Amino acid sequence: MNRRVRDIVDPASLGVALLAALGAVGGSLLLIGNSPGFVVPSAAALVRDTLPDLFVAVGIGTLRDLAQPLLSLGAGLLLLAVFAAAALAAERAVEGIARRALVTFVLVGAVTALLTGNTTSTLGAALGAAVVVAAANATLAAMDPTTDRADPPPGRRRLLQAGAATLATLVLGAARTRDPAEPTEPPDPAAASLLAAANDRGLSLPGAEPMVSEDFYTVDIATVDPKIDPSDWQLAVTGEVETERSFTLSELQDLGGERRFTTLRCVSDLLNGKKMDTALWDGVPVESVLSAVGAPESCCVTLHAADDYFVSFPREALDPGLLAWGMNGRPLPRSHGAPLRTLVPGHWGETNAKWLTEIEIRDEPEEGYWEQRGWEGTGEVHTIAKLHSTTVDDGTVRVGGHAYAGTRGIDAVEVSTDGGASWTEASLSETLPEPTPIGEEEPEPTGEAADAWRMWEHEYEADGKHEVVVRAIDGTGEAQPEQEREGYPSGATGWVRETVGG
Ligand SMILES: Nc1nc2c(c(=O)[nH]1)N[C@H]1C(S)=C(S)[C@@H](COP(=O)(O)O)O[C@H]1N2
Ligand SMILES: [Mo]
């Protein structure tokens, strides 16, 4: 190898630098855990916001559930390269273990501080890298005492200790990536009785969610969810209001709570996808909060969230909404927006801001996070019937799923078993019950939820291969449109079709 090249890529220095980069990431993870202050999600957010908007929109459209893991992986690799470059610079700029560790500490610390703005994370990364540089240089010096790597060569024992400490940092850091479990205590008894009543109203369909989802989907822009201590958190109501004001969680809870069944669906959901789910939510009606600050009519509202997400839409859509702190009788899980999220009746998922920090009442519309990236997902949901359950037993076929049309409600689901030539009406589940006040000990499950799905099923005899097609009719009598369009930019349309038998 040519001397100059070897100087630049000296394998020992490169090895030290790569280990130091791992030490930096491990150190940040160890001190801060897998939270938004961790250096990898911070880098991922920077990459995401630097990429051209169209690229992000198309990337999410085509990569779907892979988009975020790939973003984290790419950002992580980029970050390792930057940290390794910093450690390599230290290796080359100065001599001696202590000096190299110090320069690495400063450089890695500076990069992490810029990326995360978080002192704990910065300290973790800087220390992690510096410890590895010290340990690795000491090891190299011990292996080859003729090099200039060591000041005095340390004893074998100290060397082993330093190596073990580095390894422990990485292992402990990795162990902390596992989130503390979401709350698992039994649900509030009044909520539990509503949930039981709700599932009694549903149909039992193998392969499909029950009436209240067991596995509620998540979609958000952050690679790691915000972790908010409710006692440090307030909701600000700003803009075109009589008096701007902030509310603590208990102030909001004191305004009087309501428990309601609501379905959410993401505008990026595939036609027969699974980004549509239903839960029982506890919260305060938006109207109670807005009347507490005095908010005369205005055209628009922008919701701001702790992950820098924001979404803007007509004020009249928000007014009947709920600000929720509970889900299925338990505290709202972190992944669904703890301590407080928005639920906007009948509108696409993206209007339902999680980790809500501010309601900004406006007299002019603006574009939100996704609208700036070309999506049109702040309006009312399309009508959809999904086919998630198909069982064939001898010649008896049973198909079923859920149907949802936001606040328009579902009137009927029609099924064709001959590719659309003829249609029959499917059986429908009951509707989910209307809201009840929180605090009522034995809530009566009566009435009808304003914004929730229903289940449908159809059983028939058939032999051989045939095509099943389904379509829903909404509460205004309008049928789900047949024309097929993909999800981007304004939500998939068409009828769900499936070939059965044969
Ligand atoms: N703060 C915040 N809120 C958000 C999002 C987000 O990225 N950040 N994503 C939105 C989108 S696109 C959808 S579909 C719903 C999904 O809610 P869920 O994750 O509870 O299912 O949250 C919405 N609220
Ligand atoms: Mo969404």
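A Cβ is built for glycine as well, from the same backbone N, Cα and C atoms used for every other residue.
Taken verbatim from TrEMBL:
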type: DOMAIN; residues: 226-370; note: domain 'Oxidoreductase molybdopterin-binding'
type: DOMAIN; residues: 393-483; note: domain 'Moybdenum cofactor oxidoreductase dimerisation'
type: REGION; residues: 426-447; note: region 'Disordered'
type: REGION; residues: 476-502; note: region 'Disordered'
type: TRANSMEM; residues: 12-32; note: transmembrane segment
type: TRANSMEM; residues: 70-90; note: transmembrane segment
type: TRANSMEM; residues: 97-117; note: transmembrane segment
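Within its own chain, the transmembrane segment (70-90) is flanked in space by residues 13-14, 16-18, 20-22, 24-25, 39-41, 43-44, 46-48, 63, 100-101, 103-104, 107-108, 111, 125, 129, 133, 223, which lie at least six positions past its ends and keep a Cβ under 8 Å from the stretch. Outside the transmembrane segment (12-32) by six or more residues, the chain places 38-40, 76, 79-88, 91-92, 104, 108, 112, 116, 118, 120-133, 136-137, 140, 166, 169-170, 172-174, 176-177 with a CB less than 8 A from a CB of the stretch. Long-range contacts of the transmembrane segment (97-117) within the same chain, counting only residues at least 6 positions beyond its ends with a Cβ under 8 Å from a Cβ of the stretch, are 20, 24, 28, 37-39, 42-43, 46, 82-83, 86-87, 89-91, 123, 125-131, 133-134, 137-138, 141, 149-151. Note on the region 'Disordered' (426-447): DSSP counts are 0 helix, 4 strand, 18 coil.
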